[in-house]
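All remarks here apply to the structure that follows.
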Amino acid sequence: MEELVGLREGSSGNPVTLQELWGPCPRIRRGIRGGLKWLKQKLFRMGEDWYFLMTLGVLMALISYTMSFTVGRVVRAHKWLYREIGDSHLLRYLSWTVYPVALVSFSSGFSQSITPFSGGSGIPELKTILSGVVLEDYLDIKNFGAKVVGLTCTLATGSTIFLGKVGPFVHLSVMIAAYLGRLRTKAIGESENKSKQNEMLVAAAAVGVATVFAAPFSGVLFSIEVMSSHFSVWDYWRGFFAATCGAFMFRLLAVFNSEQETITSLYKTSFRVDVPFDLPEIFFFVALGAICGILSCAYLFCQRTFLGFVKTNRVLSKLLATSKPLYSALAALVLASITYPPGVGRFMASRLSMREHLDSLFDNNSWALMTRNSSPPWPSEPDPQNLWFEWYHPQFTIFGTLAFFLVMKFWMIILATTIPMPAGYFMPIFIFGAAIGRLIGEALSVAFPEGIVAGGVTNPIMPGGYALAGAAAFSGAVTHTISTALLAFELTGQIVHALPVLMAVVAANAIAQSCQPSFYDGTIIVKKLPYLPWIRCRKISSHHVIVEHFMNCTITTLAKDTPQEEVVKVVTSTDTAEYPLVESTESQILVGTVQRAHLVQALQAEPPSWVPGHQQCLQDILAGGCPVEPVTLKLSPETSLHQAHNLFELLNLQSLFVTSQGRAVGFVSWVELKKAISNLTNPPAPK
């Protein structure tokens with residue numbers, strides 16, 4: 001019916017279909033369609049990327065603020081329940097522990113029932129995807145829903161479980177970007193471009209960080225350092241534009257909700273601006289960075305070892321395979337019991353939220369000096385004006401509580417990372433680093449109660465500055481990033497400690513990167529995700545190892561003169577995704593590649609008519625419509641390992657053929673590269 005044409009013609013003289021003729025108001029509908037087409041042309045004249053990125057930033061800001069608002073209400077309800085339940089220790093203990101245990105169990109059970117890919121932070125998987133590997137369902141829209149609900153429940157547990165939301169928000173942002181990208185291709189009517197999609201996914205990673213901390217600059221730099229080995233400067237503006245839109249909208253919503261009078265930093269500090277530190281203190285900041293680097297190596301080793309133990313232990317692995325909510329509940333019960341305030345939690349400032357932990361640790365006053373001659377009372381409820389009271393105990397002192405906090409949180413954070421639920425792991429290590437810096441700063445304030453004399457002027461030491469440096473240094477060492485220094489400045493709104501903080505971060509990274517893989521790379525290793533390792537320190541010997549030494553010479557080629565029976569035998573006996581096509585069996589000159597799927601489809605098609613005296617060969621199959629893809633990039637046997645590694649990283653390649661004078665002699669994939677790098681880093685023992 002739609003193809004039938006009426007006898008009457010429209011005002012333009014064109015035939016009118018019966019569907020248009022019978023439809024209501026055909027002229028009005030044609031006018032609306034024409035107007036929308038004109039509007040689309042005008043809007044997309046300046047580039048559709050602007051609208052795509054702005055929409056992404058605004059959506060992520062709305063999700064982040066809504067989640068924070070919801071979590072805040074749930075946490076306050078938990079505190080109210082704990083406060084109003086009475087003086088019974090049993091009831092208070094149950095109110096403190098059952099709440100997070102129930103939320104963690106639901107988070108784990110719900111997210112895992114929807115999709116098994118929603119657990120964890122998601123950044124290791126995203127690194128693998130951006131390196132060119134296809135991971136099915138990780139960017140699916142149902143994974144988005146499971147991650148949002150599960151992460152909300154995780155954050156609602158408060159400081160008892162001590163987890164954040166940076167990693168999951170990066171994953172959520174990338175999932176939204178992938179979905180918007182599909183809508184964008186339909187709207188402008190173009191085919192899906194893999195390179196364009198990767199550009200938008202990298203920008204989306206920056207939005208995820210920016211909408212958590214309202215920090216667009218560090219969000220872009222952090223996403224570059226964590227997600228990419230090589231970064232195109234052309235993509236820089238995309239990341240900054242989207243991150244700025246997201247951060248601005250996130251803080252604007254707080255103003256609209258009367259939480260802030262204007263757009264300010266998340267964590268306000270009152271550091272001394274005129275002389276924030278004396279020159280001799282630079283040495284202590286560098287020493288703090290070295291301490292954070294050493295502790296980060298210990299943390300990364302223990303975390304990776306324990307995660308591997310959980311996956312290989314017979315009891316724990318069976319529990320995780322059959323009943324993830326039960327494992328999550330048991331782990332949450334242990335963590336919540338330890339943080340119970342009347343118990344051990346009294347010595348860990350467990351009544352403070354994660355935000356209050358940072359607010360108190362960034363205090364520029366010396367708690368050790370303030371409690372030298374007097375003992376402040378422990379309030380029945382945390383005092384917003386004196387949060388540091390939570391860190392003091394008459395028998396433990398400030399140093400005892402800070403040291404106990406570090407010892408306990410070291411293994412508690414590691415245990416929390418094994419819970420199979422959506423969660424971020426950046427904020428816990430950021431607070432842990434702040435506690436390290438606070439402990440060093442308090443020790444220095446006691447050692448130099450009047451301050452350090454420099455140039456005849458004495459200025460007291462500010463432990464809060466050391467806490468800021470420790471937070472940036474430890475989190476930077478664990479993630480192998482430098483941008484955590486800038487993140488610390490954007491979070492606090494002050495840059496007076498720029499040089500010492502940056503020096504501490506560099507010192508910590510120098511130690512961590514030379515000893516351990518980053519937190520995300522370690523997770524990739526434990527989960528056995530496909531990855532291409534770095535050539536550590538860019539060893540000079542990598543220039544002397546050539547492709548001929550490690551390439552795979554077992555290569556199955558198809559020549560144009562190969563008989564059809566032989567082609568069928570090769571296709572059925574191998575599962576290679578693509579076959580190298582050579583000119584002839586004798587010459588072995590590489591002319592292109594044939595996809596296995598296309599070849600199977602061509603072989604299953606109706607065979608051409610039989611011609612007497614002519615044997616069907618691959619050339620006839622290709623002539624029948626089987627596409628041949630050109631080989632645009634090849635390796636030479638003399639190419640160095642260093643050059644091959646750079647090519648694979650820069651172009652997100654999975655494999656390359658090796659040719660000598662045009663002849664196909666082998667291929668190199670991630671397997672061969674990883675083995676060559678492993679032999680370079682850890683040479684095999686001589687036989």
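Along the chain as shown, the residues are counted starting at 1.
Backbone N, Cα and C define each Cβ position, glycine as well.
Features reported for this protein in TrEMBL:
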type	residues	note
TRANSMEM	50-72	transmembrane segment
TRANSMEM	93-111	transmembrane segment
TRANSMEM	161-180	transmembrane segment
TRANSMEM	201-224	transmembrane segment
TRANSMEM	236-256	transmembrane segment
TRANSMEM	277-301	transmembrane segment
TRANSMEM	326-345	transmembrane segment
TRANSMEM	396-419	transmembrane segment
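Taking residue pairs at least 6 apart in sequence, the transmembrane segment (201-224) and the transmembrane segment (396-419) share fewer than three C-beta contacts under 8 angstroms. Most Cβ pairs under 8 Å with the transmembrane segment (326-345) belong to 93-111, among the candidate stretches 93-111, 161-180, 201-224, 236-256, 277-301.
A contact between the transmembrane segment (201-224) and the transmembrane segment (50-72) is present, since 3 or more of their C-beta pairs, 6 or more residues apart, lie under 8 Å. In this chain, the transmembrane segment (50-72) lies in contact with the transmembrane segment (236-256); the count of Cβ pairs under 8 Å, excluding pairs fewer than 6 apart in sequence, is at least 3.
Long-range Cβ contacts of the transmembrane segment (93-111) within its own chain (Cβ-Cβ under 8 Å, at least 6 residues beyond either end) map to 78, 81-82, 85, 118-119, 146-147, 149-151, 153-154, 156-158, 160-161, 324-329, 331-333, 335-337, 339-341, 419-422.
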